[in-house]
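Straight from TrEMBL, the features:
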COMPBIAS  1-21  compositional bias 'Polar residues'
REGION    1-34  region 'Disordered'
COMPBIAS  58-74  compositional bias 'Polar residues'
REGION    58-121  region 'Disordered'
COMPBIAS  76-120  compositional bias 'Basic and acidic residues'
DOMAIN    133-357  domain 'Anoctamin dimerisation'
DOMAIN    360-925  domain 'Anoctamin transmembrane'
TRANSMEM  371-398  transmembrane segment
TRANSMEM  448-466  transmembrane segment
TRANSMEM  523-547  transmembrane segment
TRANSMEM  567-590  transmembrane segment
TRANSMEM  618-641  transmembrane segment
TRANSMEM  735-757  transmembrane segment
TRANSMEM  785-809  transmembrane segment
TRANSMEM  882-911  transmembrane segment
Amino acid sequence: MVHHSGSIQSFKQQKGMNISKSEIAKETSLKPSRRSLPCLAQSYAYSKSLSQSTSLFQSIESESQDPTSVTSISADKAEQDLGKDKDYTDESEHANYDRSRLIKDFVPKNNSEPKPRLPKNDMNYIASSGLLFKDGKKRIDYILVYRKSNIQYDKRNTFEKNLRAEGLMLEKEPAVANSDIMFIKIHIPWDTLCKYAERLNIRMPFRKKSYYTDRRSKSMGRVQKYFRRIKKWMSQNPMVLDKSAFPDLEESDCYTGPFSRARIHHFIINNKDTFFSNATRSRIVYHMLQHTKYENGISKVGICKLINNGSYIAAFPPHEGAYKSNQPIKTHGPQNNRHLLYERWARWGMWYKHQPLDLIRLYFGEKIGLYFAWLGWYTGMLIPAAIVGLCVFFYGILTMNASQVSQEICKATEVFMCPLCDKNCSLQRLNESCIYAKVTYLFDNGGTVFFAIFMAIWATVFLEFWKRRRSTLTYTWDLIEWEEEEETLRPQFEAKYYKMERVNPISGKPEPHQPSSDKVTRLLVSISGIFFMISLVITAVFAVVVYRLVVMEQFASFKWNFIKQHWQFATSAAAVCINFVIIMALNVAYEKIAYLLTNLEYPRTESEWENSFALKMFLFQFVNLNSSIFYIAFFLGRFVGHPGKYNKLFNRWRLEECHPSGCLIDLCLQMGVIMFLKQIWNNFMELGYPLIQNWWSRHKIKRGIQDASIPQWENDWNLQPMNIHGLMDEYLEMVLQFGFTTIFVAAFPLAPLLALLNNIIEIRLDAYKFVTQWRRPLPARATDIGIWYGILEGIGILAVITNAFVIAITSDYIPRFVYEYKYGPCATHFEYSESCLTGYVNNSLSFFDLSELGIGKSGYCRYRDYRGPPWSSKPYEFTLQYWHILAARLAFIIVFEHLVFGIKSFIAYLIPDVPKNLYDRIRREKYLVQEMMYEAELEHLQQQRRKSGHPVHHEWP
């Protein structure tokens, strides 16, 4: 902050900002956003002069580090300042602004029905919730937990002394239910908050926003009226939340700037206890805990290391109170943000409602808020995909009986299929596959290609519109400038490479540096570990394949008649269940190995660690989950040979063939069972397991004590901690589901519907878990979903390729297409009375002489292939039709991929990442923020001149 006029004027000239506010008002203004109305109302109703803010800070500077509200300051001046909150006037909004251009259709709120407010300033309630020190004044910002029996006393003592030296206040209190547990309550005073907020460049509100209307044409006014009608109708939508039940998030209606103690008179400080939100206070305390030493030595720093060595057993910010109340929320209002989140978000009865994203962000931080925003967006986008997939499925049901292929199979009573195994299998009539043929048609019909193209386009539209949604959220949550901040180094990285330093090109300060040779070596070791685990997955899939080959002979001769008749289905079902058990078992090992490999790399920052770990876990689980599906889709029944000359594994087990109706039914079974069972297992582990653990903890407490009130921090301690990997498990589950929904959707059009039903449950399940079953996580900041967006884009590209191969190779779409236009009755002439697929089944089956099998039977059996008959000049050789079909399959793959990739690229080009009006608003607000900072500084200097008796200038002095 520069206080002399010459420096300010020269600085303004360098920026090229010699423009008065009257000139600002004359510029073409922007269309008001949804936030313009409350902003304008607050600019009239809530105002306070800059001189009052200055006097407030002066009174604060003279006070001791008392954490109570500003109203407790004994000075009459401060009391007078804070008593005029509703009479605050913003001088920058007077004089030169053109009021005629302000929004004219604003209707003030009805004062007779005030909006419910959270009792966040009610210190009595905070005290009753156990959120204050024993003096009833200092609020608790963080909790440390340790065992008295732990011998690491010296480390704890040094660490706590250093925390006090940094400005934190600590208070110890033993647990009620366990005499060995000790809690340390941490409070961060105002001065320390200001110092670290400035050091961390935390952006805080300094001026209410004012929006201006554009002078549009009359036609635009009509369009606006039309949209107002739609908006009024949407407000009656039962899915929309009742906004009157939620608090005004005033910080989203203000311009913000990096906090500075020298410029504190610029910021809107009505109450120093609520100026910094609970999330901001927790982040600052956590930053101090992470960078405080507990022993001599550069590597002896941070609460994480103290937890790892057992000095402390937990560190967490406390919840704001109980999530349930004996009094109904409709009549008495919410008691705290946690209670409000439970009633309006986490309850199962709210499954059809939109999510209160602003409140989620306020309580849990931007990182968790973005996760739920993305999950809600993904779930909403699944609705059209599920509807189209359901229509394709119902189209198959309606036309199933009219299918020419199904009719020919069901009527083929005199066609015998060759045995599908060597020992216990007999000849099978083709009409016995009637049911399988009809079920296959449900997933392999005329709508399959359309649905595959639709889902490829859907994936692109989903990702492109999510970028727009994300840009809107980052603007609303004031994360635009946060991207430019430099991320701090991980303590593990600093401890490992503190002897090797180089100058940071951004900050210009020396910092630890990892040599390139060391980094490459560690990456090679990590990549080797990844390939080893992937090879282990392939080995497990190969073992399942061998199992299928071994048991199919046993099921074919099983004593139960049902299994004997449907031995192929029994073999596939048993293999799917065994494969699922192997998948879940290997997932446990993958997580530990991925954790070790990521730590071995020594990532520089926390985000690099998270991205590296997430990529490994995705690769492991994606290969683990989809390897068996890829085998069934592209390898099952492709290399079996033909009767009399079957290929055998290890010259012992004959390779498995597809069912006479095709391999698609096996692929559908594999996908459906794995997707259904995995979702059930994940939901149980996410909610059922924590519920059981928390119930057992409460049971032990009730058994150990009688009629004792448990304070809030001890209740939080008895909850389960958030996963050590943060949101990785939640994102990983949804991204893998996204892969199931898109990669093989041509074979299973009901996948989007299953994903939609699961996600409706998942949102409320995660909400219930975060609000009621987990300790409050650290409210971290983020601007996007990290590496997961790149993974989603990669899945979208892979989905186009796999669906092209599934349609061309796994399904019978191409063979039917070639027969219809080359070999069928419509190839030479077309008649409406005759189906073009008449005779297709007979054409797709080859002949084999039973006398060559040596089973004592004569005649011919049929098998699925395009080979010459025994009486041809080249028996059992591929026919010309086989090569035509192969060429058509390759051509389809090329055309399909180029067409879909072209459409995807064109759509991505048409949809900008940031809406145009938002882009203009961001640029204009940056400009206005600079002007307001200059003019606020001018007003501050003028006040100083008045106090000193100097003449006041209306321009820069």
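Cβ atoms here come from the backbone N, Cα and C positions, even for glycine.
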Overall pLDDT of the domain 'Anoctamin dimerisation' (133-357), taken as the mean: 81
Among the ranges 371-398, 448-466, 567-590, 618-641, 882-911, the one whose Cβ pairs under 8 Å to the transmembrane segment (735-757) are most numerous: 371-398
Other parts of the chain folded back onto the transmembrane segment (371-398), taken as Cβ under 8 Å at six or more residues beyond its ends: 354-355, 357, 360, 441-443, 445-448, 450-451, 454-455, 458, 461-462, 465-466, 469-470, 473, 727, 730-731, 734, 738, 741, 745, 749-753, 755-756, 759-760, 762-763, 766-767, 785
Top Cβ-contact partner of the transmembrane segment (448-466) among 523-547, 567-590, 618-641, 882-911 (pairs under 8 Å): 882-911
Positions on the same chain near the transmembrane segment (567-590), where near means CB under 8 A and six or more residues out: 420, 533, 536-537, 540-541, 543-544, 547-548, 551-552, 555-556, 558, 617, 620-621, 624-625, 628, 656, 659, 666, 669-670, 673-674, 677-678, 681
